[in-house]
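Take a look at the structure below.
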Amino acid sequence: MAPWLQLCSFFFTVNACLNGSQLAVAAGGSGRARGADTCGWRGVGPASRNSGLHNITFRYDNCTTYLNPGGKHAIADAQNITISQYACHDQVAVTILWSPGALGIEFLKGFRVILEELKSEGRQCQQLILKDPKQLNSSFRRTGMESQPFLNMKFETDYFVKIVPFPSIKNESNYHPFFFRTRACDLLLQPDNLACKPFWKPRNLNISQHGSDMHVSFDHAPQNFGFRGFHVLYKLKHEGPFRRRTCRQDQNTETTSCLLQNVSPGDYIIELVDDSNTTRKAAQYVVKSVQSPWAGPIRAVAITVPLVVISAFATLFTVMCRKKQQENIYSHLDEESPESSTYAAALPRDRLRPQPKVFLCYSNKDGQNHMNVVQCFAYFLQDFCGCEVALDLWEDFSLCREGQREWAIQKIHESQFIIVVCSKGMKYFVDKKNFRHKGGSRGEAQGEFFLVAVAAIAEKLRQAKQSSSAALRKFIAVYFDYSCEGDVPCSLDLSTKYKLMDHLPELCAHLHSGEQEVLGQHPGHSSRRNYFRSKSGRSLYVAICNMHQFIDEEPDWFEKQFIPFQHPPVRYQEPVLEKFDSGLVLNDVISKPGPESDFCRKVEACVLGAAGPADSYSYLESQHVGLDQDTEAQPSCDSAPALQPLLHAVKAGSPSEMPRDSGIYDSSVPSSELSLPLMEGLSPDQIETSSLTESVSSSSGLGEEDPPTLPSKLLASGVSREHGCHSHTDELQALAPL
């Protein structure tokens, strides 16, 4: 403390001892009675209650009104300063009393009363202004002045007060302070008052969060404080009133805990108060949001369920659209007409007629798609054309494993008609076998089932030619529109040839040639319009579309699989087929007839050696072994010497040369999107044996035959012309994949 403050405090103590009676009188009796009268704030009051000069009044405020304290004259310090202490709301309140000095009293307009704590920066200020300003004289120098009460002061604390008159030429620092000390609590209040007991705050106030609950713990107050319980007041920082939670003190422990349940997240203000409201400690705590253990699964379900529902609706919509699209394809074929009703009425009677027996022969070297077409065609012949079809895929493989040749010869003998499905693989391997049938060693493909069957059929065909021309009607060679007539082996040239599905009516009429009187009753039974009347016809349509798609994706699939090249292939321009003929005419639209070569322009390269046929033949004999001697040699085409296997190159025809598309193979409907419908109306034996369609054909397991390796010197050999295929030497410069 500064020396001058210590000196002032000493003089104040001496003055208080000497003038104690005066201070007691100024206090106005008991502190409680005095406080009851003077704790209120007075706006306007008389200058003194004892002077009798009621014509002098002051207006009080808290120094908010700024008046220029500077003046032209000096005004003396206040005289006879006394302090009146009393209790207001269990705290100290003081009132300052003084008298004005005689010097400069005529210039006095008011006083400023400034109260400060000696060891603190806290400051309170009051301002007294004459309500009716007028000039005072020396007769007012004994008039007592009184300030408003100064409230909320501390017990036993040192203060000083300055009374500054204005306007004065002297500054505030030129006026002397008056020091005093507030009285003890037990002097102003009753000794048993709780406000006079020692002040206590808990040393530790711990706040923690457990889920959505808030846990508050603190240490106990000593027993002499007499606290019976505590209250926890809490609220959000920007909320209104406090919420209260009572905490019972446990005497057996050193701490007391309170649990605040279901507290919402936010920034909280927490206050700890005892039951007498004399102890208070505040703290702040941020409650964080807690994620429920069910929040994750609930969120996942909330996201998954709508997605599943949307996906289900999207899938259903897609399926319905595709079904509608397929229905649109067949809708114009399913219109009610006298023809369809006639067909529906005639179908049961057709079932009762004897069914012609048909033996179906095919090549298993053209891939699975071609085998699917063959199998669907067999179903179609049985279901739509009313035939009894013999197909190796439908036979019990375990029973005919060792007797395939005998089974084929038996079926050829028993059948009324023999249908050979010609394809590129059939042409290649049959002609290759015929070309080298004179070889002495066993070939790799000499035991293929279809080679044995074709050899037997060719022998029967040659015998039928010698007997009568009517016997040739038993032998039929068919090819689908992804092949051409040039794919018919030379050994089957004497057979009747049909292109499917263009010549479907003619094929059905051929199969039922002995029943012309029955077919004449319903001529539309086997028309191309009725092609789609049965599920087997639609299944055949899908299988043909899949084969077309496979050829479009890999035009050179056959060459890649069976004709390995030793030299890099010569660059050539791949043919572009704008459309392919579906073989169908919808809504009875008649297509313009044209030669077969307009659709399928094939070049048949009969590779011969530069020195002549004998040299090339001997070279091929050295490269590949011939078939077994048991296999009968078949005659080659009459138009050419012994031919090597033929390779076909497709020439892209001009738009005028291309046949008109009948529209049944709609490019807007990819064949990959169509499914094979189940076959109905089949006999139980055929349904049972049809389960073998996915197994290896009866010709598998007997080995495959590698095609001959063609040397580069034979690439520029002559070109042989055969029935149905035209040679173009200027377009085929080298052997290349299709």
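Positions of Cβ are set from backbone N, Cα and C atoms, glycine also.
Listed features, source Swiss-Prot:
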type     : residues : note
CARBOHYD : ASN19    : N-linked glycosylation site
CARBOHYD : ASN55    : N-linked glycosylation site
CARBOHYD : ASN62    : N-linked glycosylation site
CARBOHYD : ASN80    : N-linked glycosylation site
CARBOHYD : ASN137   : N-linked glycosylation site
CARBOHYD : ASN171   : N-linked glycosylation site
CARBOHYD : ASN206   : N-linked glycosylation site
CARBOHYD : ASN277   : N-linked glycosylation site
REGION   : 653-738  : region 'Disordered'
TOPO_DOM : 17-299   : topological domain 'Extracellular'
TRANSMEM : 300-320  : transmembrane segment
Set of same-chain residues at least 6 away whose C-beta sits under 8 angstroms from ASN206 (N-linked glycosylation site): VAL216, SER217, PHE218
Proximal residue to ASN80 (N-linked glycosylation site) among glycosylation sites ASN62, ASN137, ASN171 (C-alpha distance): ASN137
Residues satisfying Cβ distance under 8 Å from ASN62 (N-linked glycosylation site), sequence separation of at least 6: GLN124, CYS125, GLN126, GLN127
Distance, ASN171 (N-linked glycosylation site) to ASN137 (N-linked glycosylation site) (CA atoms, angstrom): 23
Neighbour-count leader, CB within 10 A, glycosylation sites: ASN80, ASN137, ASN171: ASN80
